[in-house]
Ligand code: ADP
Ligand code: 5GP
């Protein structure tokens with residue numbers, strides 16, 4: 001039975017992680033989204049259980065206490081966390097699980113898990129990043145400034161990741177990530193998961 005693996009996708013707010021991820025899911029039915037929990041408010045159009053599990057701070061901290069998160073962090077003034085159970089199950093079922101999480105969460109996962117591909121999505125420029133965030137029109141002026149300031153800090157962590165992908169043209173960024181995933185599927189150490197099938201006839 002082949003095992004799946006995790007893809008951690010990080011990058012400054014507004015660089016296009018959600019947009020790129022949606023396109024990856026549309027084109028690749030073996031990639032699934034890890035729905036995070038958060039204490040931030042839902043944006044118009046976001047669906048509880050699909051975009052995020054929207055929780056109160058009390059509910060979130062209860063889950064922390066019960067050790068239900070693979071990682072969690074305070075990002076832009078709110079808690080965000082990755083539920084553990086879903087990931088364990090999907091990896092055992094051979095799926096590729098994509099996590100859209102921040103740098104703090106990525107560093108926690110790096111300490112805990114093997115078989116993770118860390119990808120950092122980079123905007124073509126900081127001015128374009130600002131344009132995209134402003135254009136998305138989902139944050140107040142104050143939140144926008146916080147996200148841009150945090151974006152500068154996050155970019156300094158890019159070398160902690162295995163790969164960077166520039167999201168200038170969406171199509172190129174999606175293809176670059178698909179190429180990284182394809183290479184990961186062919187990693188020699190993953191051969192152990194299909195060995196039985198290949199060698200079966202000689203047993
Ligand atoms: P993130 O999930 O990283 O915060 P989003 O996916 O919400 O970012 O994208 C932020 C804004 O930028 C959205 O309005 C989205 O439509 C736009 N966007 C994403 N990728 C591109 C791209 N390659 N070119 C132009 N606009 C983009
Ligand atoms: P947003 O509020 O724009 O959806 O997300 C804000 C930031 O939180 C993004 O950088 C996103 O990657 C990050 N994030 C989303 N879910 C998680 C999570 O489960 N854990 C961590 N550490 N960060 C997350």
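Cβ coordinates are placed from backbone N, Cα and C, and glycine is handled just like the others.
The domain 'Guanylate kinase-like' annotation in TrEMBL covers 4-182. Summarising the annotation, TrEMBL assigns ATP binding site to 11, 12, 13, 14, 15, 16, 17, 18.
Less than 6 Å separates the Cβ from ligand 1 in the case of 16, 18, drawn from the binding-site residues 12, 16, 18 in sequence order. Counting Cβ atoms from all protein chains shown, residue 16 (ATP binding site) has 25 others lying within 10 Å of its own Cβ.
Not one of the binding-site residues 11, 12, 14, 18 places a Cβ under 6 Å from an atom of ligand 2. Look at the binding-site residues 11, 12, 14, 18 and count other Cβ atoms within 10 Å of each Cβ; 18 has the fewest. Of all Cβ atoms in the protein chains displayed, 26 besides its own lie within 10 Å of the Cβ of residue 15 (ATP binding site). Counting every protein chain shown, the number of other Cβ atoms lying within 10 Å of the Cβ of residue 13 (ATP binding site) is 23. Confidence across the domain 'Guanylate kinase-like' (4-182), taken as the mean pLDDT and rounded to a whole number, stands at 96.
A simple way to gauge crowding: the CB of residue 17 (ATP binding site) has 22 other CB atoms within 10 angstroms, across all the protein chains here. DSSP classifies residue 14 (ATP binding site) as coil under the three-state reduction. Same-chain neighbours of the ATP site beyond 11, 12, 13, 14, 15, 16, 17, 18, judged by a C-beta within 8 angstroms of the site's C-beta center, are, in sequence order, 121, 123, 129, 132, 167.
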